[in-house]
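Per Swiss-Prot, these features apply:
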type	residues	note
TRANSMEM	22-42	transmembrane segment
TRANSMEM	58-78	transmembrane segment
TRANSMEM	92-112	transmembrane segment
TRANSMEM	116-136	transmembrane segment
TRANSMEM	170-190	transmembrane segment
TRANSMEM	224-244	transmembrane segment
TRANSMEM	247-267	transmembrane segment
TRANSMEM	278-298	transmembrane segment
TRANSMEM	313-333	transmembrane segment
TRANSMEM	353-375	transmembrane segment
TRANSMEM	406-426	transmembrane segment
TRANSMEM	431-451	transmembrane segment
């Protein structure tokens with residue numbers, strides 16, 4: 001950027017169409033967050049009515065993560081072939097329909113299936129909205145685009161918590177899910193009133209349709225084998241998370257089977273760049289493992305361990321959700337200032353100072369607990385707002401939505417494991433200690449994976465001929481693309 005350009009406030013670099021595109025996607029993500037967290041808010045009520053164990057109840061949260069990998073792949077491919085806008089609209093309709101079905105669910109299995117539908121829609125919304133906004137904004141503002149967008153999910157969670165405190169005590173938990181049908185009206189407005197992403201339009205102007213992940217996996221020479229593997233993965237995940245298996249060895253074998261299938265899909269879809277894709281799945285897996293025990297089970301902790309009433313729970317969750325939303329925006333500024341990976345690491349290190357005090361303070365002082373949660377979630381959860389930017393930078397526009405959606409949502413199975421692991425540990429320890437220990441230890445794993453740029457590093461080790469040296473979104477160099485001790489100037493000079 002020129003000196004003159006740098007002196008212009010960042011928001012003046014955006015025109016009216018770009019702001020409208022962002023606003024529409026942000027509202028869609030807010031509604032996504034609203035619908036998705038409803039189950040966490042009413043988990044104890046659902047558990048009591050259906051007579052579920054703690055692990056079975058936690059699996060209702062996990063269910064939405066089980067189907068996310070497939071939703072991310074299919075709806076991401078739709079976004080790559082037909083445009084980001086159509087994929088966004090389809091995603092909103094899916095998660096809204098699933099939420100309505102939860103309100104009518106007569107029992108555990110029906111609600112589990114409805115949560116699978118929500119997971120597919122959520123995955124599509126994440127991939128399509130993220131690529132839509134990132135590709136619509138100027139390159140030097142794309143960390144802000146990512147962070148600002150993802151803040152919508154946390155705002156949706158805050159709104160859901162407030163609605164919970166007003167609706168559930170009067171009309172019961174089912175009424176909360178009936179409200180979740182409203183986003184379909186918004187989806188119809190979206191279909192007519194927002195433009196397509198600029199990067200996608202430029203890439204596809206006057207050209208034949210691209211070959212998407214769906215084409216490669218389900219219309220190519222290995223389509224029969226891939227369909228069989230898809231069914232096998234879905235079945236294995238069902239048995240792992242539906243609360244039917246108690247044998248840890250069998251669960252481990254099924255988990256390894258799923259991992260092998262997902263790696264096979266990544267190898268087929270990305271060719272020589274498969275090491276990057278696989279490592280990104282690992283990064284996202286641990287990102288969910290450190291963050292989602294708190295996200296999923298915090299309402300249960302507040303209601304059971306601290307014995308808070310619904311109104312107090314809503315107030316504490318407001319601090320938590322608002323902190324995450326603010327953190328997404330702060331993360332966007334940090335990412336554009338320090339660089340995506342450096343901002344991520346610094347924010348997570350700071351969050352580690354707060355995680356133990358959050359669960360050690362107890363429930364005597366609600367306001368102190370709320371403030372601690374605000375800052376911990378701002379630093380620890382909010383920085384995940386720039387994760388779509390981080391992942392998307394490793395891939396070109398042609399496959400970005402599908403690969404981002406698939407990579408992110410396979411890794412998001414950590415979110416399915418997290419509440420169950422937290423619930424299992426809580427059978428031996430109190431829930432607060434379980435949540436704190438999980439989050440504290442696994443955050444360090446994410447710090448190492450991102451700080452060392454392991455996706456680029458493993459790519460360089462295994463398939464160096466396909467190594468990408470610079471971010472495809474903002475053009476900045478990847479630190480892991482060069483060995484330790486190599487001159488960074490060499491990387492800047494050899495930009496390809």
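Note: Cβ is positioned from N, Cα and C throughout, glycine not excepted.
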- Query: Would the transmembrane segment (22-42) count as touching the transmembrane segment (92-112), i.e. at least 3 C-beta pairs under 8 angstroms with sequence separation of 6+?
  - Reply: yes
- Quickly jot the same-chain residues contacting the transmembrane segment (313-333) by Cβ under 8 Å, restricted to those at least six beyond its ends, or write none. 41, 143-152, 154-155, 157-158, 161-162, 164-165, 298-299, 302-303, 343-344, 347, 366, 369-371, 373-386
- Message: Is the transmembrane segment (58-78) in contact with the transmembrane segment (353-375), using at least 3 Cβ pairs under 8 Å (sequence separation of 6 or more) as the test?
- Response: no
- Note on the structure: Among 116-136, 247-267, 406-426, the most Cβ pairs under 8 Å with the transmembrane segment (278-298) come from 406-426
- Long-range Cβ contacts under 8 Å made by the transmembrane segment (224-244), restricted to residues 6 or more beyond its ends, are 53, 55-56, 59, 62-63, 66-67, 69-70, 112, 217-218, 251, 254-255, 257-258, 261-262, 264-265, 268, 413, 416, 420
- Item | Remote residues contacting the transmembrane segment (406-426) - C-beta distance under 8 A, at least 6 residues beyond either end | 54-55, 57-59, 61-66, 68-69, 71-73, 76, 123, 126-127, 213, 237, 241, 258, 262, 265-266, 269, 277, 280-289, 291-293, 295-297, 387-388, 391, 434-435, 437-438
- Message: Do any residues, 6 or more residues outside the transmembrane segment (247-267), come within under 8 Å Cβ-to-Cβ of it, and if so which ones?
- Response: 69, 73, 213, 217, 226, 229-230, 232-233, 236-237, 239-240, 274, 277-278, 281, 406-407, 410, 413
